[in-house]
Amino acid sequence: MPVLCSSCAEKRAVLKRPKTAHSLCKECFFWAFEEEVHQTIVSAQLFKHGETVGIGASGGKDSTVLAHVMKVLNERYNYGLKLLLLSVDEGITGYRDDSLETVKRNQQQYELPLKIVSYEELYGWTMDAIVKQVGLKNNCTFCGVFRRQALDRGAMMLKVDKICTGHNADDVAETVLMNVLRGDIARLRRCTAISTASEGEGVVPRCKPLKYAYEKEIVLYAYFKKLDYFSTECIYSPNAYRGHARTFLKDLEAVRPSAIMDVIHSGENLSVREGVKMPVQGTCGRCGYISSQALCKSCVLLEGLNRGLPRLGIGKHHRLHEKILSQQPLTQKEERKLKAVDF
Amino acid sequence: MCQVDEEYNGQLEHRVTPRVSKKCVKCKENTAVLIIRAGDAFCRGCFKEYFIHKFRAMLGKNRVIFPGEKVLLAVSGGPASSSMLSQVQEGLSRDAPKKLRFVPGIIYIDEGGASGQSMEERERAVAQLESVFRATNYHYHIVHLEQVLSLPSSVLEAGSSATEKPQTGSSYKAAVDQFIQTRKNQHPDLSVENAQSHPSSLSMQEVENGGTSPITPEQTQALQRLFASVRTLTAKEDLLHTLRQHLILHTARTQGYTKVMMGDSCSRLAIKLLSNISLGRGASLATDTGFSDPRYGDVVIVRPMRDYSSKEIAYYNRMFDIPSVFIPGLDTKAQDKASIQHLTESFVTKLQTDFPSTVSTIYRTSEKLNTACPPQNTHTQPSAKCLLCVCALDTKLEEFSAYQATLISEQLSQRRGPGPGFTPGTAAAPGLPPASSASQCCYSGGGQHQSCMTGEGGCCSSAKEPETVDLKSLLCYSCRLTIKDMTAEDALPQYILSEAERRKRRSQMREEISEFLLDEEEDEAILRVNGSL
């Protein structure tokens with residue numbers, strides 16, 4: 001006997017929701033999924049009427065579904081938002097060039113304007129060139145730091161009011177676990193926030209409308225909606241340490257499907273003891289971007305690349321910030337430490 | 001962030017391989033016999049000194065145990081708690097100035113009834129432990145898990161602490177004075193010196209007090225039924241932990257102990273921290289893993305072993321012949337993915353072998369945490385605390401949270417009637433802003449109205465039948481998950497059910513008179529009503 005949809009009780013169910021274990025038909029699942037994102041947006045007051053919102057689009061499943069749902073909800077509930085797609089071209093041959101093709105197709109399908117900012121135009125370095133100098137270790141540090149800033153810079157160029165990214169519940173839960181494993185108390189406190197709006201002036205606020213959507217449901221949604229997305233792992237990501245957290249989270253989900261939400265619930269209810277030293281937000285002495293140090297991470301990384309000392313930004317070399325700012329030469333000993341390690 | 005060895009590169013390059021005939025890093029005379037951490041090789045004597053010092057330093061730093069206070073040592077027979085027992089013995093056997101000055105007792109909870117051990121196996125384990133306990137000359141209590149079935153409801157209430165929590169050095173002195181004063185008033189015959197100089201007089205009672213009260217096969221069966229009604233091992237382990245805490249608390253209260261020492265090592269606490277996060281216990285993380293846990297008010301849990309890694313403990317126990325007893329538990333021999341707790345344990349253990357700083361990093365994270373809503377253990381109404389784990393309730397429905405998102409998901413996938421064909425826009429909230437949508441009425445709504453979740457039809461219509469006690473509204477987020485995994489809520493021990501009923505009645509009473517209560521009370525009422533579904 002076919003299982004009936006637990007929501008409409010008329011149609012035949014085609015899937016079991018990973019989040020609630022209810023059997024639903026296709027239409028009811030779409031409706032529930034979209035409605036949940038809508039509830040998240042409304043209850044967290046993510047947007048205001050008339051705002052311009054940039055959707056961080058990588059061509060992957062999360063951002064493709066996000067772009068689709070945002071467009072649907074914007075029309076259905078008359079958000080009055082001006083949506084556009086914002087992509088970052090890291091310059092990774094065989095990965096990003098292909099995924100950007102997907103984004104370009106999405107642009108046509110959804111009729112949204114698209115802006116691509118590239119590492120090459122912003123920093124003068126493509127990821128391919130960086131990996132050539134740095135090697136396969138630590139290159140994700142460069143990519144991650146640069147992407148964050150590239151999104152912001154692209155957003156400022158387009159004069160958008162907000163950026164939304166496709167981070168899903170699995171990503172948030174995984175980040176909670178990662179920050180516990182790394183002992184990063186400052187990020188542990190911030191990482192469950194749905195929006196960075198409270199973090200201060202000078203940056204475009206970013207938010208995660210899919211924060212409570214399970215990754216598996218995003219895939220289900222994309223699958224049944226027949227959305228066009230690009231699914232390949234980055235060729236440079238060896239993915240080891242975060243990979244541990246990811247595997248652990250997947251195992252947790254297998255034991256108890258609500259574990260993803262439970263981890264987020266835990267993260268939302270944590271707070272930091274008074275008197276624990278927290279980084280103070282300031283601005284970078286060189287580019288004016290937000291930074292807790294004298295120089296922002298991406299200026300330090302860039303300086304390292306340009307001086308041929310790629311390890312300058314890996315690990316903690318805060319002492320050297322003053323030297324870099326005042327353009328003093330580094331000592332031989334310091335230079336030796338910061339050269340790329342040969343393997 | 002996403003790569004191996006990111007932060008360790010520097011250290012890895014200068015790695016020194018330990019040689020066999022290395023000298024002790026401390027005394028630089030004797031040959032080292034073990035390496036605790038990378039590079040720290042200790043000789044036997046220095047290791048012993050280091051180990052003992054750590055225990056006293058932990059107690060000295062935190063200053064929560066008063067001279068002459070009765071302290072209950074929770075010993076499971078495992079390496080960490082056995083090691084703790086030996087440290088207490090060591091501390092109490094010393095000469096005057098440095099001697100620890102509290103009065104210890106031991107408790108062992110025999111959980112064989114829940115983990116399916118035979119009566120013979122349980123008796124054998126108890127006999128082994130008794131011989132260890134007898135050798136200490138301390139008062140001891142063997143408690144069977146079956147006894148949880150006959151606990152009084154009062155165990156679930158947080159007591160008020162007799163003494164104010166000491167903060168700094170000077171107030172510790174004041175607290176000690178106050179403690180001694182109250183004690184003298186309560187027991188005029190028992191002074192500090194008295195209690196300490198005659199430890200043997202206490203141990204005289206051990207035969208009648210510490211001796212086991214017999215349990216009947218019926219009780220064991222009732223306990224087994226309770227655990228059989230729990231569907232997952234995750235929930236079983238959580239329930240067992242809760243019941244164990246209740247038994248320890250009850251024993252401490254009835255026997256006049258005001259502190260309970262738990263043997264959680266730093267490795268254990270790292271696992272506990274991560275598994276509690278995974279279980280949704282983030283709100284009470286600080287009390288669950290910190291040095292002292294004041295949630296019960298009159299009895300404070302302390303964890304003096306939290307600075308030792310399980311490796312250090314294992315070395316110490318082996319070198320100095322500290323006896324420990326292996327007793328299989330619920331998850332012994334279980335597969336990695338059998339439960340969240342077990343999965344976390346194997347995850348942390350495996351990660352620790354590849355990244356040796358894993359445990360200490362997680363552990364240090366716990367020291368920086370605090371609870372979002374600080375538990376005011378003495379003044380908060382019992383209704384604002386979880387019925388089972390006695391932590392502050394973390395189920396207040398905020399505008400927007402993971403908890404609310406889960407409820408919305410449940411509602412949306414169950415709702416009958418208006419589906420996608422239903423005109424969009426009428427079902428839920430209008431555009432942006434305002435934020436408060438019409439559909440939220442069913443979440444922030446009435447206290448005992450069961451909305452959406454169980455109701456057949458629309459929102460806020462069906463009131464639940466009065467006979468069954470709705471446990472969920474009295475529980476914290478995580479304990480709700482545990483109860484959700486049970487086939488029948490009424491399989492829980494009677495003391496829990498009757499306390500639940502009592503709290504329900506209280507909250508109904510409060511609702512009836514709510515309009516006559518003044519502001520402060522009102523705030524609490526709102527908090528409580530929101531907490532219930």
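A Cβ is built for glycine as well, from the same backbone N, Cα and C atoms used for every other residue.
Please treat TrEMBL annotations as automatic predictions, because they have not gone through curation.
Annotation comment: TrEMBL describes A:53-233 as domain 'tRNA(Ile)-lysidine/2-thiocytidine synthase N-terminal'.
Positions annotated as ATP binding site by TrEMBL: A:Gly56, A:Ala57, A:Ser58, A:Asp62, A:Val88, A:Gly166, A:Asp171. Just so you know, the Cβ of A:Ser58 (ATP binding site) picks up 21 other Cβ atoms within 10 Å once every protein chain is counted. Reduced to three states, the DSSP call for A:Ser58 (ATP binding site) is coil.
Helix, strand and coil counts from DSSP across the domain 'Cytoplasmic tRNA 2-thiolation protein 1 C-terminal' (A:282-312) read 14 helix, 4 strand, 13 coil. Per TrEMBL, the feature domain 'Cytoplasmic tRNA 2-thiolation protein 1 C-terminal' maps to A:282-312.
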## Note on the structure
Of the binding-site residues listed (A:Asp62, A:Asp171), the greatest number of other CB atoms within 10 A surrounds the CB of A:Asp62
## Note on the structure
Close in space but at least six residues away in sequence, with Cβ under 8 Å from that of A:Gly166 (ATP binding site), the same-chain residues are A:Gly56, A:Ser58, A:Gly60, A:Lys61, A:Asp62, A:Ser63, A:Thr64, A:Val65, A:Leu66, A:Lys208, A:Leu210
### Message
If the ATP binders are A:Gly56, A:Ala57, A:Ser58, A:Asp62, A:Val88, A:Gly166, A:Asp171 per the record, what's the largest distance between their Cα atoms, in Å?
### Response
19
